[in-house]
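Notes follow the structure.
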Amino acid sequence: MFLWLAHFSNWLTGLNIFQYTTFRAVMAALTALAFSLMFGPWTIRRLTALKCGQAVRTDGPQTHLVKNGTPTMGGSLILTAITVSTLLWGNWANPYIWILLGVLLATGALGFYDDWRKVVYKDPNGVSAKFKMVWQSSVAIIAGLALFYLAANSANNILIVPFFKQIALPLGVVGFLVLSYLTIVGTSNAVNLTDGLDGLATFPVVLVAAGLAIFAYASGHSQFAQYLQLPYVAGANEVVIFCTAMCGACLGFLWFNAYPAQVFMGDVGALALGAALGTVAVIVRQEFVLVIMGGLFVVEAVSVMLQVGWYKKTKKRIFLMAPIHHHYEQKGWKETQVVVRFWIITIVLVLIGLSTLKIR
């Protein structure tokens with residue numbers, strides 16, 4: 001919205017600053033951060049008054065039983081902060097902004113309903129897996145179709161393999177939709193599985209969003225894209241605004257979500273943030289880079305799939321408990337040790353992902 005002020009720069013020179021993506025990106029992050037910090041205490045009080053306490057599963061780590069009753073659904077604060085900040089600092093004429101907000105809020109609505117069932121009916125399992133998959137699939141397919149037909153040229157419909165500049169595979173509409181589906185739905189569920197310890201998913205989301213923001217900035221400028229041999233995606237620079245708003249909102253939320261957590265983000269936050277990250281990766285054609293930078297999310301999801309699949313086949317478990325962060329808890333790691341060490345791993349993975357900008 002504030003971008004429109006740049007049109008009046010002929011009357012007031014200082015307003016020209018609003019046209020710069022970097023300025024608006026920083027302001028979007030600060031606005032979302034301030035929003036989360038300002039409304040965080042109020043959100044926690046309201047969730048507590050509404051008795052939106054987390055129902056902790058009895059088959060999980062016994063140390064988590066003390067978390068029973070901690071307010072959940074705090075992700076609604078994150079989504080509100082992202083939406084407000086993006087609308088204030090983003091370009092409303094850019095379709096990517098609306099697609100990202102649509103995916104964020106649509107998957108957030110699913111997460112909200114899931115959390116609500118857990119809170120009202122005291123059912124830790126929430127909505128059925130079938131209902132969740134149908135909803136997520138619908139959102140991913142609609143977003144994928146929109147992004148495919150927004151592509152300005154065939155270069156925006158290719159599969160890019162990191163580190164290999166010669167490998168760029170044309171996808172076509174079916175391939176594009178399949179890849180979009182796997183990226184958006186997969187990341188949504190992976191982040192949700194990661195969100196099992198205080199702050200574990202929140203900070204990695206910040207790191208990955210920041211990394212993708214750099215790719216979006218480069219892809220949205222033709223000269224940078226050509227120099228770095230990235231596909232030029234017209235309008236992708238506005239995606240930076242969304243990414244930095246996500247960073248700010250999550251950092252503000254982390255203030256209250258750090259151990260010992262005063263509030264959990266719940267599915268309303270985790271499902272939405274994961275889907276949003278996946279959508280950003282699809283827009284800038286960096287699905288494989290997301291796998292690298294979001295390696296923590298991938299490992300968490302794979303650990304669950306391996307555990308379930310192996311148990312069904314052999315009645316034995318690969319890990320002491322899944323997702324894998326619980327495995328390390330069972331091995332004697334303190335919760336804060338698991339969280340900080342996984343943060344460090346994510347920092348390294350994001351740096352590796354960023355290295356693909358030049359190592360080709």
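Each Cβ is built from the backbone N, Cα and C atoms, and glycine gets one as well.
What you see is a predicted model, and the numbers here were worked out from it, not measured in a lab.
Noted in Swiss-Prot for the protein shown:
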TRANSMEM  24-44  transmembrane segment
TRANSMEM  69-89  transmembrane segment
TRANSMEM  92-112  transmembrane segment
TRANSMEM  133-153  transmembrane segment
TRANSMEM  158-178  transmembrane segment
TRANSMEM  199-219  transmembrane segment
TRANSMEM  239-259  transmembrane segment
TRANSMEM  263-283  transmembrane segment
TRANSMEM  288-308  transmembrane segment
TRANSMEM  337-357  transmembrane segment
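The stretch from 199-219, 239-259, 337-357 with the most CB pairs below 8 A to the transmembrane segment (288-308) is 337-357. Taking Cβ pairs closer than 8 Å, the transmembrane segment (158-178) reaches residues 141, 144-145, 147-148, 229-231, 285-289, 292, 353, 356, 359-360 in its own chain, all 6 or more past its ends.
At the 8 Å Cβ cutoff, the transmembrane segment (69-89) and the transmembrane segment (239-259) share at least 3 close pairs (sequence separation 6 or more) and count as touching. Within the same chain, residues 95-96, 99, 102-103, 106-107, 110, 173, 176-177, 180-181, 184-185, 188-189, 233-234, 271, 275, 278-279, 282-283 sit at least 6 positions outside the transmembrane segment (133-153) and bring their C-beta atoms closer than 8 Å to a C-beta of that stretch. Note on the transmembrane segment (92-112): residues 1, 3, 73, 75-76, 79, 82-83, 86, 127, 132, 135-136, 139, 143, 146-147, 150, 184, 188, 192, 235-236, 238-239, 241-242, 266-276, 279-280, 283 of its chain, located 6 or more positions outside it, place their CB under 8 angstroms from a CB of the stretch. With a threshold of 8 Å between CB atoms, the same-chain residues lying at least 6 positions outside the transmembrane segment (24-44) that come near it are 2-3, 18, 71, 74, 76-78, 80-82, 84-86, 88-90, 213, 217, 240-253, 255-256, 262-263.
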